[in-house]
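Student: Here it is, the structure, as structure tokens.
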Amino acid sequence: MERENTSSKQSSLSQSTNHAALRPRGPPDRNAPLDEKDVDQYYDEEASIDIQPQERDLKHKQVFSGWTLLLLAYQSTGVIYGDIGTSPLYVYSSTFSSQPSHDDLLGALSLIIWAITLIVTVKYVLIVLSANDEGEGGTFAIYSLLARYCHITKQDPKKKSSYQLKRWHTHELRTSNLKIRNFLENSRAMHGLLKALSVFGVSLILADSILTPAQSVLGAVQGLKVVREDIGTDTIVGVSCAILVLLFMLQPLGISRLASGFAPVVIVWLLLNFCFGVYNLAMYDASVLKAFSPYFAGQFFVRNKTDGWLALGGILLAFTGVEALFADLGAFSQRAIQLSWLCLAYPCLLVAYIGQAAYISENEGAYANPFFESVPPGMFYPSLVISILAAIVASQALITSAFQLLAQVMNTSYFPQIKMIYTSDKFHGQVYIPFANWLIMIGTVIVTAVYNNTTKLGHAYGFCVVLVTFITTCLVALVALIVWRTHWWIVVPVWLIFATLDGLFLSSAATKFIDGAWFTFVLALILASFFILWRYGKEQQWKCEAKHHLRPQDLLIRDINGQTKLTEQLGGGKIFTVKGLGIFFDKAGGAKMPAVYEEFIRKFQAQQDVHVFLHLRALQIPHVADEDRFEIAATRQPSCYRVVLRHGYNDHPVNADLGAVVYAKLREAIQSSAFSPAAAVAAPPAVATPVPDNNTNADANADADAAAASAAARPVAEAAEVAAAGDYDPIDIAGHSTGLSYSPVESRDGHASRPTVAERLAALESAYETQVVYIVGKEQLRLLEKENGLFKRAVLGLFLWFRDNTRAKVAKMNIPVDKLVEVGFVREI
């Protein structure tokens, strides 16, 4: 099975380019007329020197088994099922306003059984969980998955090393699936619609993360009225707010610790419901088991018509919390959630609802408080304590979802980069975001104080959940067609079934829009608007940076005397050499010159004896092994190196010893670079001979094959010429070989020669002993003066304001201030 792979495709294309551009060619002959084209070609070779992303740079889904899988299943129970698991407290009381007839009770129970079975078990647990993006869940993860297999969005140039395209070849798709993919790729309206749906789905869950804790804790505290009916509203609100503050103060402990602590509460709660259900079924009306037949669900609508449709607003509370089941996927795993749902939560909840129905059938008025009314004798107070604890724990599901989803939108440039803490070395997807935690806490406390009862909050709560499930249904249908390559005649009927179910529940919940659901919708719209605004601003920034980026030949030239100068359009000034080692922080990485280096050269017309383009490549693992941390390539500029420093989320690569570490690695690399021409002929570097990549598209394969054939046809003498010229030099760092090139130095006879190992070591040691200087760029964005669109100016103005107030400060870098140089420059968007 072949797919197009971004990193491999880029590698193949760059190799194809290198083959033509990296043939031995010295500087322009000083006895020949200076040809600007020759100079351009010589300096354009710099663009071909690159350190390609490795497979280990990409994010990969963690796969667990054995005891680790059981531990994750246990922990997922404590986080995910607190919300959906506490629904038996209020589903029947929310569905009926008076004592139901036996047939209506059977109809409602049948709807509950099939809603949990079809929407939660079949759709989410068996289908939707598979539509994850390398282990991440939520509507935005579905969108990211689609973007890997379909060209529907732009990517952040600075994060290309961690992004992999897996687009199917044309011949690997059915005609109908291919037409759908082409339609999505060619329609800008569909690009916008998919983006809007995905962002709005995330925003709805984030809005839900403010409502759910308020709903759950208020419901738990209101449960005390069962014991003391004279408890006032002010007392309930005050106690609820105190519990909420305490709950959010616990979040820095991390998901694993909280989940392990909460899991016993939820497990005991679910098992209590199971036992109570079995007891009630044995003691009361066992005929309610007939509700497993969907016939009774259909008859419920036939008898009650509009009232039956409106009753769905109460039935849907049986699966509220299902959105967290998918959104929390990144913190656990697909198999862990499937295991905990199918083996524990699903059977316990089914038996709980069946047992309550059996009790209500023979006890008039029990529908108003079904759980506590149906508790077996002697179990009232234990069940009261457990129910209150479980209701409080139910808040954790959506709090965790908020952290997981915000991490996704930050990584995809829909939200500013704020502090994010990975809380586990073992489970890489578990995160905590302090700013979001305290902001959600404030919002939850305000909502609790304003709404002050669960009835009002319930109206706002259900609408949000069902709208997310409907959006998820539509996006997963596209995944089935484009990613899983399922035939349309299978996808469409399944989509119609679930879309119809979602539509029925959504239309019923929408009738309560004015009663409180508007709050969720408006809050989600505000959040979605901000996400879209930020993304639009970032895309304008990327466009601006690409426009201002100079190619090496547009920045520097070397005259016939060998003197390096600025190009004529930049003033033609001479470039002076400053003693020392200069480390330029290269945010983007890749083959292009860093913007901070361009600005430094233009402003100071000088550069250090030895300069390094340092790119920090963050990987989503806790630590990077020492042997995999550094990768080094020498550029065609004298004493200039590209260094990629890989680090995990618990590594701290930028510190006071960074210069010493870079110096040591460069020294090690140069010392290992000595080679004989004979060896080079026997094993020419990879960059000199491109290898076709089977994962690229047909056109790229054809180009690569042609290049490979051309390389094979050249005589061995040409390989010897390459080695003799010293234009390539393999460096090995901890077992990783990289084809490197060094700037040819012209000898008296006009031929190019390379610096010796001793010369390079001497230059590096002299520069390091003189001084080490760290150079960072500070890009200031401002609006174009000629931009006349009022709306566009307002949007970009807001983006710039948020950007200026959320960007990291250079003072936070843990390096000596006296060795730090900040180069500012202005870009207009």
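A Cβ is built for glycine as well, from the same backbone N, Cα and C atoms used for every other residue.
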Student: Any idea which of 64-85, 284-305, 658-679, 790-811 is down as transmembrane segment in TrEMBL?
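Tutor: Of 64-85, 284-305, 658-679, 790-811, TrEMBL gives transmembrane segment for 64-85.
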Student: Can you name the far-off residues of the same chain, 6+ from the ends of the transmembrane segment (380-410), with a Cβ under 8 Å from a Cβ of it?
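Tutor: Same-chain contacts beyond the ends: 78-86, 89, 136-138, 140-141, 144, 199, 202, 205-206, 208-209, 212-213, 216-217, 219-221, 223-224, 226-227, 243-244, 247-248, 251, 255, 258-259, 262, 265-266, 268-269, 272, 276, 321, 323-324, 327-331, 371-372, 416-418, 420, 429, 431-433, 436-437, 440, 531.
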Student: Can you give me the average pLDDT across the domain 'K+ potassium transporter C-terminal' (580-829), rounded to a whole number?
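Tutor: Looking only at the domain 'K+ potassium transporter C-terminal' (580-829), pLDDT averages out to 70.
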Student: Should anything in the same chain at least six residues away from the transmembrane segment (64-85) have a Cβ under 8 Å from its Cβ atoms, list it; otherwise answer none.
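Tutor: Residues 120, 212, 216, 255-256, 258-267, 269-270, 273, 319-322, 324-325, 328, 331-333, 335-337, 339-341, 343-345, 348-349, 390-391, 393-398, 400, 426-427.
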Student: Return yes if the transmembrane segment (431-451) and the transmembrane segment (488-510) have at least 3 CB pairs under 8 Å (sequence gap of 6 or more), otherwise no.
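Tutor: They do not touch: fewer than three Cβ pairs between the two stretches lie under 8 Å.
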Student: Below 8 angstroms Cβ to Cβ, which residues of this chain, lying six or more residues outside the transmembrane segment (457-481), approach it?
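Tutor: Result: 90, 94, 119, 123, 127-128, 131, 139, 142-143, 145-146, 177, 180-181, 184, 194, 197-198, 200-201, 204-205, 207-208, 211-212, 214-215, 218, 313, 316-317, 319-323, 326, 447, 451, 488, 490-492, 494-495, 498-499, 502-503, 505-506, 509-510, 512-513, 515-521, 524.
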Student: Under a criterion of three or more Cβ pairs within a distance under 8 Å and sequence separation of at least 6, are the transmembrane segment (105-126) and the transmembrane segment (231-250) in contact?
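Tutor: Output no: the transmembrane segment (105-126) is apart from the transmembrane segment (231-250).
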Student: Suppose I define contact as three or more CB-CB distances under 8 A, residues 6 or more apart in sequence; do the transmembrane segment (488-510) and the transmembrane segment (192-211) meet it?
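Tutor: Taking Cβ pairs at least 6 residues apart, the transmembrane segment (192-211) and the transmembrane segment (488-510) are not in contact, as fewer than 3 fall under 8 Å.
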